[in-house]
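> Quick one: structure below, then a few questions.
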Amino acid sequence: MAAMDPRNNGYVAPLNEQERDQDFEAVEVVEVQDNQSVVSLKSNDSDLMKNTNDDDTKEKGGWTNALILLGNQGLATLAFFGVGVNLVLFLTRVMGQGNAEAANNVSKWTGTVYMFSLVGAFLSDSYWGRYLTCTIFQVIFVLGVSLLSFTSWFFLIKPKGCGDGNYTCDPPSSLGVGIFYLSVYLVAFGYGGHQPTLATFGADQFGDNDKTSKAAFFSYFYFALNVGSLFSNTILVYFEDRGLWTLGFLVSLGSAIIALAAFLGPTKRYRYVKPCGNPLPRVAQVFVATARKWSVARPENHRELYETEGPESAIKGSRKIFHSSKFLFLDRAAVITDDDRNGTRNNAWRLCSVTQVEEAKCVMKMLPIWLCTIIYSVIFTQMASLFVEQGDVMNAYIGKFHIPAASMSVFDICSVLISTGIYRHVIFPYVRPTELMRMGIGLIIGIMAMVAAGLTEMYRLRHIVPGQAESELTILWQIPQYLLVGASEVFMYVGQLEFFNGQSPDGLKNLGSSLCMASMALGNYVSSMMVNIVMAITARGNSQGWIPEDLNKGHMDRFYFLIAVLAAIDFVFYLVFAKWYQPISHDEDSIKGTGVTRKTISELDQV
């Protein structure tokens, strides 16, 4: 049933799966606006799409550019973890902070890193595009690491060689503290702002239909992240643990500069996707239009809802999205009333296309899944805070060699690298679990990691030597908890990258990638809040609480078990929402910004 389009006095041609199948054999007439010629085509317009997109994709994108972006990711991550992996020890040894305070500050800083990903995603999707966003934020990142190197050398590491765990540094000046926090938050802003955009930009180097290459890229993207952090968690951590903080920061600076240069190198060969405009007004328009038409009856047949004519979506640069059966109350925004037909009151805040409504639905459908991933990020963030503090009070010597507590995360990295290889080359060719299944598996393994960490802490407390800060229990007991966290990352975070990017509308791709990092951000904030609440409840009377300054007098094992219990409850909710979720369905025959319109035969007869 064709309905009048109140915006251009044309016909509404709703596109859905049933109608597309019915019209597959019909003759269609396509008008190409560039040369005003008229071409008759049978079946669908896939050939036309291919021809019109050849100029944009020829000699652009592909694995060569993707590999350069993976190298950029590895180098930038090396620089970032050169700052972040030992930050909790820098705060305690150089800045003079206590264990709980330092752990909270690291959690807040890490959370801010990932929260800035939303800023980068918004600017990229709306205005700047992927390339410019990555460039600007990487420049900010380089400036932050430069300022941190300068600050540590001239203001904080005094006397020279302090901060190695044996020699105490002088109390820092107010100026030094101020510049330090400015520099580390510039690092957070720069790294966080470009990370999700870089992931999406790498996926852009492949066509919309090359889903296999995109899935492989996301796996290798996380692989590159861990390869970069491997150097930071071994070599740089070793030097920083010995008090050579400035040297570690300078190496990070060099890596960040090389990463930026590598990214800028193939500028002319990249495959670009133009930004689709600010998504916030589009989503707001759906809710406003729904509220205005709340009393309007929703048609039983969704084909009577408003959709733009022809293959192009109402959202610039975005494919059309088929109607879904979730959040049906939002369909009112696409109901055509008499006022809309008369054109007296029609505007984007009153009448929205099905695609625009579905874009809002996609955001709402992903939110419950996203919320369920936050507790996993609480698990993940313990590696940069409490795991390090736990290892710092264990026997860290193998013979005469001292293992820096922060370098134990190398077992997490090795676990990620091995698990990625096993998944891509052993499991994936035979069993292809969905992204939601993989995320659920990751959550289960994360729970096991917290149980392992709690058991390790119980044994550590049993091997305390009176009068000594370090337990007799070897730090190698931490290996299982690091290995389990690494294996869980491959399923959870790689699954998140694929899920949120694949299920996001074309106009919200960067937002989808940033949701993964935003989950990490809230996980860090929740972890900080949990530490504060637990300490407020348990540190009463003569009790020093679960996480005191002297961990030998605390019960950090109970905190780990608490996280495991909360994650188990979260897993139950996750199963419910994963079963409820309905995937997005794009109209693959719709054309994105090619200047091509499709008219029906009846309309051509009227011309």
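Note: Cβ is positioned from N, Cα and C throughout, glycine not excepted.
For reference, TrEMBL lists these features for the protein:
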type	residues	note
TRANSMEM	67-91	transmembrane segment
TRANSMEM	111-128	transmembrane segment
TRANSMEM	135-155	transmembrane segment
TRANSMEM	175-194	transmembrane segment
TRANSMEM	215-239	transmembrane segment
TRANSMEM	245-264	transmembrane segment
TRANSMEM	367-388	transmembrane segment
TRANSMEM	403-424	transmembrane segment
TRANSMEM	436-455	transmembrane segment
TRANSMEM	515-539	transmembrane segment
TRANSMEM	559-577	transmembrane segment
> Taking the transmembrane segment (436-455) as the first stretch and the transmembrane segment (245-264) as the second, find out whether 3 or more Cβ pairs fall under 8 Å, excluding pairs closer than 6 in sequence.
no
> Hey, which bits of the same chain come close to the transmembrane segment (215-239), Cβ under 8 Å, at least six residues off its ends?
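Those are 66, 70-71, 73-78, 80-82, 85-86, 199, 202-203, 205-206, 247-248, 251-252, 255, 404, 406-407, 409-410, 413-414, 416-417, 420, 423-424, 489-490, 493-494, 497-498, 501, in sequence order.
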> Which sequence positions outside the transmembrane segment (559-577), separated from its termini by at least 6 residues, show Cβ-Cβ distances below 8 Å to it?
368-369, 372, 375-376, 378-379, 382, 386, 439-440, 443-444, 446-447, 450-451, 453-454, 457, 530-531, 534, 546-547
> At an 8 Å Cβ cut-off, counting only pairs 6 or more apart in sequence, do the transmembrane segment (367-388) and the transmembrane segment (175-194) clear the bar of 3 or more pairs?
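Per Cβ check, the transmembrane segment (367-388) does not touch the transmembrane segment (175-194).
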> Contact between the transmembrane segment (515-539) and the transmembrane segment (135-155) is defined here as three or more C-beta pairs under 8 Å separated by at least 6 residues; is that satisfied?
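Per Cβ check, the transmembrane segment (135-155) does not touch the transmembrane segment (515-539).
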> Any chance you could find the range in 67-91, 175-194, 245-264, 515-539 with the most Cβ pairs under 8 Å to the transmembrane segment (403-424)?
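Ranking 67-91, 175-194, 245-264, 515-539 by Cβ pairs under 8 Å to the transmembrane segment (403-424) puts 67-91 first.
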> Quickly jot the same-chain residues contacting the transmembrane segment (175-194) by Cβ under 8 Å, restricted to those at least six beyond its ends, or write none.
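Tertiary neighbours of the transmembrane segment (175-194) are 76, 80, 83-84, 87, 95, 109, 112-117, 119-120, 123, 133-134, 136-145, 147-148, 150-152, 155-156, 517.
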